[in-house]
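Below: the structure, in structure tokens.
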Amino acid sequence: MMTFNSSSIVVRMGLLSSSSPEAVDSMTLFVLLLCACIIIGHLLQKSKWMTESVVALIIGLVTGIIILLTTRGRSSRLLVFDEELFFIYLLPPIIFNAGFQVKKKQFFRNFLAIILYGVLGSLISFIIVSLGSLQLFKKLDIDLPSLGDYFALGAVFSATDSVCTLQVLNQEETPLLYSLVFGEGVVNDATSVVLFNAIQKLDLSHITLENITQFIGNFFYLFLTSTLLGVAVGLFSAYLIKKLYFGRHSTDREIALMILMAYFSYMFSELLDLSGILTVFFCGIVMSHYTWHNVTENSKITSRHTFAILSLISEIFIFLYVGMDALDIEKWRFASNSPWTLFGTSAILLCLVLLGRAAFVFPLSFIANLFRKSRNDKIAFKQQVVIWWAGLMRGAVSIALAYNKFTSSGHTKLQGNAIMITSTIIVVLLTNVVGGLLTKPLIRFLLDPHKHVGSTMSSGLFSAKTLPLLTNGQHSESNIDTGNPLDSSQVVHHFWRNFDDTFMRPVFGGRGFVPVIPASTTEDTLH
């Protein structure tokens, strides 16, 4: 039987600890917990309340309590890792799979609203949280070291949890809501990270018009260059696979190259100090539009499953760790000296998140509706309420940014920083658990999901009979109602399809421009 050394339960992830018995024990237990999350999540798949992320959080919290009791209050985690490992290893597969699996027609049809929510909405929320905390924290005698800390806090709480959105909204029952909230979540995460990085480079000792102009210029530069880089890497992978035709020998090489090119896009973006989230998301979109159609039929099925599996494991890993880390005794020991201050800070931040989201969802929805010609396409008020509520959840990106700003190597040094970290954890837990549990009932109360499946906007786009991981992607390119022919989105789509069919697909491949490639001869022999 495996021996378990409780005195060395916390193991820092890295090569140096990989050979120690404690590291093996901890990793084995963590993998076992991951399996438990998947099993319990499967059993609760049809639950009207629970989501997989909430299940992982609860299991993490319970495990943290057990570890605290076992170690007599010294630790609550099996593993310790820096936020850099989160951004380098766990986040890329989640965001890439989101771009790879997203229904492109629905996403780009709602692109204006998504950009309004994700970019302009994030800026509005950022300003409200930053200025609100700057004014209200003074009443609690909380004085953060610099003005940049308040702006960093605004960026931290502007990051919507796109991972939870995947679970609380159904792409087939409410395609419009799913497209808007999920698309906003991905763009919002990227915007928050870009804001956070831009703030670190901004000289806030004396704010001038030149500094503000430079900040805005840096923000849009990062946003546009990150997007273009993702598109460029996606197109390069499509051209490479189309020309070299890896599938004639081995589909393994095709899938390996797709995975490595996607990961390269993220890391190269980070190397250039751009937004890896935006880069890998749009790389996923481009690869699903071109690269995926250039591989064999076996590779198409396998690649979709592979990307989905990596994303699923990363999501569960994040929420399981967050649940355990929420009980980290060191942070709470610093913050517990002033419990009322901690309670007040968490309440203020939660209220600012609620207010900041309401401040942009409803006004920007009104603006988005002005550009929607068809009455069925307009975002109804009840849908706006769901968008407001479903986007309140804060998650791993918020925690990672908070760790980056208010801790050093995972350890809190100052009481003010400890309060910021613990308050962030409280807001994340509350918004995820309460938001995750109540979103599905709220949708059923305010909306009739089956009504939206048959609406003009989504008719034929998402069929209950469609298996998104097993299809060849044609349902996302065709089978869509043309809607109002005078709609500006239809005009843009018409010109794009002509350009795509005339110039892009003949060079980079794509549906209808690459013959169906059977499995490799090696695979045929094996079977």
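The backbone N, Cα and C atoms fix where each Cβ goes, glycine too.
Just so you know, TrEMBL annotations are computer predictions that nobody has curated.
On a predicted model such as this, the values are computed, not experimentally measured, just so you know.
Between the listed ranges 141-159, 274-292, TrEMBL ties the annotation transmembrane segment to 274-292. Per-stretch counts of Cβ pairs under 8 Å to the transmembrane segment (304-322) identify 85-102 as the leading one among 85-102, 114-138, 219-241, 385-406, 418-438.
Packing against the transmembrane segment (85-102) from elsewhere in the chain are residues 13, 162-163, 166, 182-183, 186, 189, 262-263, 266-267, 270, 276-277, 280-285, 287-288, 292, 304, 307-308, 310-311, 314-315, 317-318, 396-397, 400, 468: each is 6 or more residues past its ends and has a CB under 8 Å from a CB in it. Ranked by the number of CB pairs under 8 Å to the transmembrane segment (219-241), the listed stretches 54-73, 176-199, 274-292, 342-364, 418-438 are led by 274-292. Nonlocal intrachain contacts for the transmembrane segment (342-364), taken as residues 6+ away from its ends with a CB within less than 8 angstroms of a stretch CB, comprise 113, 116-117, 120-121, 124-126, 128-129, 132-133, 136-137, 140, 142, 153, 157-158, 335-336, 384, 387-388, 391-392, 394, 419-420, 422-424, 426-427, 430-431.
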